[in-house]
Amino acid sequence: MVRAKNWTLKKHFHGHPTDSDFELKTVELPPLNNGEVLLEALFLSVDPYMRLGSKRLKEGDTMMGQQVARVVESKNPAWPVGTLVLAHSGWASHSISDGQQLEKLLTEWPDTLPLSLALGTVGMPGITAYFGLLEICGAKSGDTVLVNAAAGAVGAVVGQIAKIKGCRVVGAAGSEEKVDYLKKIGFDFAFNYKTVKSLEETLKKAAPDGYDCYFDNVGGEFSNTVIRQMKKFGRVAICGAISMYNSTGQLPPGPSPESVLYQEIRMEGFIFNRWKGEVGQKALKELLTWVLEGKIQYREFVIEGFENMPAAFMRMLKGENVGKARSESLKSGTCKPGDHPHDLIFPIT
C-alpha cells in the first residue's frame, strides 16, 4: 500500500486564503487495476486560476493543479515505469491515473533544462502567453504592447515574445525588484504601479501615442485606466483579474463603454486549453527553442517541501513571486533547486 499526502480544501476562501482553509490528509491508495499507473509528484504548480477554480470544489476535495510526476508503478504499457509526465493530479504527493489525462514531456527536452519549466515557461503559462499575445491580441512588429503583472509566470513570457516579434513593450509590476527584472529581460519601459504618482501619466509617458495591444492579468481600475489610452482598433487579451480574486466587497465598474465604442477596441477573454493537441505542441516546441536560444529568460519562485504548498499558493497570490511559482515535492527529484542559475529559492522560515 502507498500512503499519499493530499492537501484538501477544508473550507472555501473568504478574501485572502489562510492556513486554516487547508487540511493535509494522508490516504492509502488501492492496488492498481489493469490500465492504471501510480504517479509520484516531483514538482507542483500554484497558479492564480486556482483561486477562482476552487469555487467549483467541494470542501474536502483535493486542491486542483498540475504537476510533473514520475510513473513509479504501471499496469499500462503506454506508460512504463520511469516515464515523466504532466498530470492534473492536484496537490497530491502520489496519485493513480488511467493514463487518459497524462501528457508526456516534449521529446526534445534537454537534460540541462529543469523539468519544472514544463509547469511554467514551456507549459501552461507559456502557452497562455503565446496564444494570448499572438492570436488574441494579434501582436505584430511595430506594435506597442502593455502587460501588467509583467514579472509573473505569464507576463514575463508575454513581454519577451513581444520583443521577439518586434514590438515595443511596456510592463507594470509591483516592486522595484520586479521592475529591475523586467528591464533585464528586455522590456523597453517598466514601472512600479504601487509607487507612481499617477498611473495615467506614467502610461502616457511610456507610450505617448497609446497602446495597440494590452495583455491584462489584473483587471479592476488599472485596466479601466489603460482602456482610455488604447489606440484606434486596439486589442485587449483578458487573461486574468488577480486584483479582484480576493475581493469581498463591491467590485469596481468595468471600462468606459464610450472608450471601447469610439476607439473600436476589441476585448476577448480566453483560457489556455483552447489550444490543445497539435497546435499546442507546436507552440511548446517554439517556446522551448526560444528558451534554449536565450531569447526567453526565466525565473522560478521555488518553495521546497510538499508540506508548504499552501504557503507557496498564498505568497503567489500576494505577488511575492518573480516568475513562475512552484513547489518542489520530493528532494529526490531529477532537478534540485539551485542546480540551474535561473532558480530563485525562497525557503519557508
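Every residue, even glycine, has its Cβ placed from backbone N, Cα and C.
Feature annotations, courtesy of Swiss-Prot:
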MOD_RES   Thr18  phosphothreonine
MOD_RES   Ser20  phosphoserine
BINDING   152-155, Lys178, Tyr193, Asn217, 239-245, 270-272, Asn321  NADP(+) binding site
MOD_RES   Lys178  N6-(2-hydroxyisobutyryl)lysine
MOD_RES   Lys178  N6-acetyllysine
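Taking the features listed in Swiss-Prot, we show where each one sits on the structure.
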residue: Thr18; record: phosphothreonine; Cβ within 10 Å: 12
residue: Ser20; record: phosphoserine; Cβ within 10 Å: 9
residue: Gly152; record: NADP(+) binding site; Cβ within 10 Å: 30
residue: Gly155; record: NADP(+) binding site; Cβ within 10 Å: 27
residue: Lys178; record: N6-(2-hydroxyisobutyryl)lysine; Cβ within 10 Å: 24
residue: Asn217; record: NADP(+) binding site; Cβ within 10 Å: 27
residue: Ala241; record: NADP(+) binding site; Cβ within 10 Å: 19
residue: Met244; record: NADP(+) binding site; Cβ within 10 Å: 15
residue: Ile271; record: NADP(+) binding site; Cβ within 10 Å: 10
Integer Å distance between the CA atoms belonging to the residue listed as 'N6-(2-hydroxyisobutyryl)lysine' and Ala241 (NADP(+) binding site):
19
For Lys178 (N6-(2-hydroxyisobutyryl)lysine), which of the three DSSP-derived states applies: helix, strand, or coil?
helix
Can you give me the Cα-Cα distance between Met244 (NADP(+) binding site) and the residue listed as 'phosphothreonine' in Å, rounded to a whole number?
17
From the binding-site residues Gly152, Gly155, Asn217, Ile271, pick the residue whose C-alpha lies nearest to the C-alpha of Lys178 (N6-(2-hydroxyisobutyryl)lysine).
Gly152
Tell me which of the binding-site residues Gly152, Gly155, Ile271 ends up closest to the residue listed as 'phosphoserine' in space, Cα to Cα.
Gly152
In angstrom units, rounded to an integer, how far apart are the Cα atoms of Gly152 (NADP(+) binding site) and the residue listed as 'phosphothreonine'?
22
Could you check which of the binding-site residues Gly155, Asn217, Ile271 is the closest Cα neighbour of Thr18 (phosphothreonine)?
Asn217
